[in-house]
Every structure is written in structure tokens, then in C-alpha cells.
Amino acid sequence: MLQSLAGSSCVRLVERHRSAWCFGFLVLGYLLYLVFGAVVFSSVELPYEDLLRQELRKLKRRFVEEHECLSEQQLEQFLGRVLEANNYGVSVRSNASGNWNWDFASALFFASTVLSTTGYGHTVPLSDGGKAFCIIYSVIGIPFTLLFLTAVVQRVTVHVTRRPVLYFHVRWGFSKQVVAIVHAVLLGLITVSCFFFIPAAVFSVLEDDWNFLESFYFCFISLSTIGLGDYVPGEGYNQKFRELYKIGITCYLLLGLIAMLVVLETFCELHELKKFRKMFYVKKDKDEDQVHIIEHDQLSFSSITEQAAGMKEDQKQNEPFVATPSSACADGPANH
């Protein structure tokens, strides 16, 4: 008997705090996923980093031995200055000195990466005035960009997602949930083809040092707003029509970001995903509780009004009776 009562009480406790339990498992799963990613990246990339470090040490030692007139300290200073300039997007190589980082097309590309929070990091402001303006520009521009993207995605979703699903549901009588799932999958495949596979093939042709995997990697890193900056298009030597190429990349990134958000919004509107998300949310107050609160307020208000009316009646009863002129006129002829 006690075991059954304890079991039922535990079940009721779990059901009552189901959202909190689900949220706790969500946090734990996210932390485990972070640790899993760290373990995989470390095990895969650490050997390559070690090989690169050994290769650089050998190359540096060989260079110092071949150039005895140059001390190791002077070489360190030179390399430090070169790496510092490279962090600002300025390369010391002769074949890269012709590309300017702050012409109009490059500045437009930089502004788009700042507002979309992609931030490749290959080009950064050099002056203090540029850094200050970048802060002010981002503070105003990022919320403006979010507002712009929200409005565009809402309008596109109506025409691309909601109306087609409603048309097939009303016109052909298909189940709305089934139509929504099929539509979301097809829209995702079309978006991946148009904004990942096709652009990756184009970049692998236009960029001399990129293969298809590296081009696809750039497309994904850019449209997901990760923006690592290890691959940036239009930075090659003697890039043809570089300004037009940069403007085209800016348009591609903006349209691709909108397409990604439309696909995410389409999947988020699926009934199954809505039910799944609600498992981790804090439950809202039930309508019955709100009705009880309103009824309680009404009862308290009515009790106050009744008390006020009772006080007025008592006050009238305690006052002395005074005949009004109308009552006197009314009683006069009768008595006469």
C-alpha cells in the first residue's frame, strides 16, 4: 500500500514538474553536445597542428642557417610585424598588394558581414575613428537588420509556405499536417540546391585555390552566420571584375540568409515541432485560473458595493422624517 502511494506521488510530482525536468535534460544534453564537439575537434585537429608547428620550426631554423647575417631576433620582429599586418587584412606578398580592402565594393561587403553578424575577420578597421564608427554603426544597424529580416521573412513565408499549404489542404483535401511536412522538406531541398550546391560549384570555378568541398564549406559557414574567415572569396591575385564580384557575393549572402530564415520558419510552424518545443517551455496560466481570479475580483467588488449600499440605508433610517412639499400636497385633499 505504501509503495503504491509512494509510486503514485512520484508520478504526480514528475507530471507536475514535467516542463522543468525536460528543460533540465535539455541543458544537460546541450552541455554534453558541447563536450562531444570539443573532443572530436581536438582529436581531429590537434595532430595537424602539431605537424604544422614542427614544419614551421624546421623552416625557420633552415632560414636562419642559410642567412647568417640575419639574427633570430630580427627575424622574429619581422615576422611579428607581418602577422600583425595580416590580421588587419594587409598582406606582404607581392602578388596580393594590388587588392585594396577598403574600396567601395570591399567596404560594402564588410558592412554586410557586420550587420548580418557573420564577421569573417579578414578585414577590420585600422583607425580609431573607424573602430568607433563600427561600434555605433553596429549598435544601430544590427537591430535594424533584424527588423528588416523579420519583415521580409514574414512576407515571404505567407506566399511561399502558408498559402501553398492552405491551397493543397482546401483544394485537394489533403491533410494539413502531411502537406506542411512535405512542403517543408521540398522547400529545404530546393534551398540547399540553390544556395549551397550551385554556388559551391560556381565558387570552385571562380576561386583558383578552392575545391568543391571548400566552396560548400564557405557557403555553409557564411549562411549560418558563423563566419570563421578562413575562406573569403574575391581575395585572390588579379581577380577579374573584383568589385562586381564582391557586390554579387554581398547580394548572394543577403538572399541566402533570407532563404535560410524562411526555411527555419517553415519548419518551426510544423505541428510536431511546436509540440516538441512546448515540452521545454514554462507553462502559461490556465484559463480556468484566470476565470477564478476574475470571479474573485468581481466578488470582492460586489461585496464592497453591497457594504456601501447597506451603510447608506442605515444612514437614511437614522435620519428624522421630514415631510416634503409634494407629500403634503398629496395628503391635503384626502384629509379634507
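Every residue, even glycine, has its Cβ placed from backbone N, Cα and C.
Per Swiss-Prot, the features are:
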CROSSLNK  LYS274  SUMO cross-link
CARBOHYD  ASN95  N-linked glycosylation site
INTRAMEM  104-116  intramembrane segment
INTRAMEM  117-122  intramembrane segment
INTRAMEM  212-224  intramembrane segment
INTRAMEM  225-231  intramembrane segment
TOPO_DOM  1-20  topological domain 'Cytoplasmic'
TOPO_DOM  42-103  topological domain 'Extracellular'
TOPO_DOM  123-132  topological domain 'Extracellular'
TOPO_DOM  157-181  topological domain 'Cytoplasmic'
TOPO_DOM  203-211  topological domain 'Extracellular'
TOPO_DOM  232-243  topological domain 'Extracellular'
TOPO_DOM  268-336  topological domain 'Cytoplasmic'
TRANSMEM  21-41  transmembrane segment
TRANSMEM  133-156  transmembrane segment
TRANSMEM  182-202  transmembrane segment
TRANSMEM  244-267  transmembrane segment
Cβ-Cβ distance under 8 Å to the residue listed as 'SUMO cross-link', same chain, at least six residues away: CYS268
Spatial neighbours of the intramembrane segment (104-116) far in sequence, C-beta under 8 Å, 6+ residues away: 123, 134, 137-138, 141-142, 144-145, 225, 227, 234, 242-247, 249-250, 253-254, 257
Stretch-averaged pLDDT - the topological domain 'Cytoplasmic' (268-336): 55
Long-range Cβ neighbours of the topological domain 'Cytoplasmic' (157-181) (under 8 Å; 6 or more residues past either end): 187, 262, 265-266, 269-272
Assigned conformation of LYS274 (SUMO cross-link) - DSSP reduced to three states: helix
